[in-house]
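Down below is the structure, laid out as structure tokens.
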């Protein structure tokens, strides 16, 4: 693939910097931070884990999602400002062939990063890496195309991928990861599932009109059942809150910030107005997304304060 300014811009848009900053990097760092005592070579291990997360989401997940959402028509009519795909096909910045090339390159780089991390922390890494890749592919690729099926998209594809990312972050810190990583992965996976479903609010009409019909959980809840799409999202956020409270009580006070983030997400989703326009929906979407890096920072601060107090 010949690289020029247009293509370079297309690659950047395809990777979608905001989701990468909100999900890919914090996914790894959260797992890394909850491990109390990082082992040797943690710097290189963390590097490979982050590289893997960036290309898995940025090239593989987003690339496949763009290809098949364009074919179904939902990305061609979505009014979303940060949803509805990367817009690289709408803007003619990349061709479908070029996107396929990038998806393939992403799989190769991801595999290489996983092997590099496994050489440092053990071959268990490859099991979690395969879990993440499987979720990424099943989310968009036919015949499964789980993002087009209510409930299955988030729980069979997204949730395992998010959980595997947090565990790989913990493995980057140490091959002897503990229960804290499990609690972190459960909370993070559930919270991100809720965030992605909130993200789909702007696309409901376009998703429902696509061929095949993209029956995301919010679209199905509103168009198929005639109920508010906020209901399943709020259920997911309450589940995330429950996990956060349990982790704070039974595992570590490091999880206290996750309680605050879960409460904040519930408040924002509850105050979202579906008739408030694209600008309002986008602000609410970004607000919930921002809770992820803010929570990570808060967890790091709590860990620092605990370490200082112990000294």
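The backbone N, Cα and C atoms fix where each Cβ goes, glycine too.
Database features, via TrEMBL:
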- 20-39: transmembrane segment (TRANSMEM)
- 45-64: transmembrane segment (TRANSMEM)
- 99-120: transmembrane segment (TRANSMEM)
- 126-143: transmembrane segment (TRANSMEM)
- 155-174: transmembrane segment (TRANSMEM)
- 180-197: transmembrane segment (TRANSMEM)
- 233-266: transmembrane segment (TRANSMEM)
- 286-306: transmembrane segment (TRANSMEM)
Is the count of Cβ pairs under 8 Å between the transmembrane segment (126-143) and the transmembrane segment (45-64), pairs 6 or more apart in sequence, 3 or more? yes
Report, as numbers and ranges, every residue of the chain located at least six residues beyond the transmembrane segment (20-39) whose Cβ falls under 8 Å of a Cβ in that stretch; write 'none' if there are none. 46, 49-50, 53-54, 56-58, 162, 165-178, 180-181, 183-185, 188, 192, 252, 254, 289-290, 292-293, 295-296, 299-300, 303
The recorded stretch from 99-120, 155-174, 180-197, 233-266 sharing the largest number of CB pairs under 8 A with the transmembrane segment (45-64) is 99-120
Remote residues contacting the transmembrane segment (99-120) - C-beta distance under 8 A, at least 6 residues beyond either end: 1, 11, 14, 41, 44-45, 48-49, 51-52, 55-56, 58-60, 63-64, 66-67, 88-89, 126, 129, 133, 168, 171-172
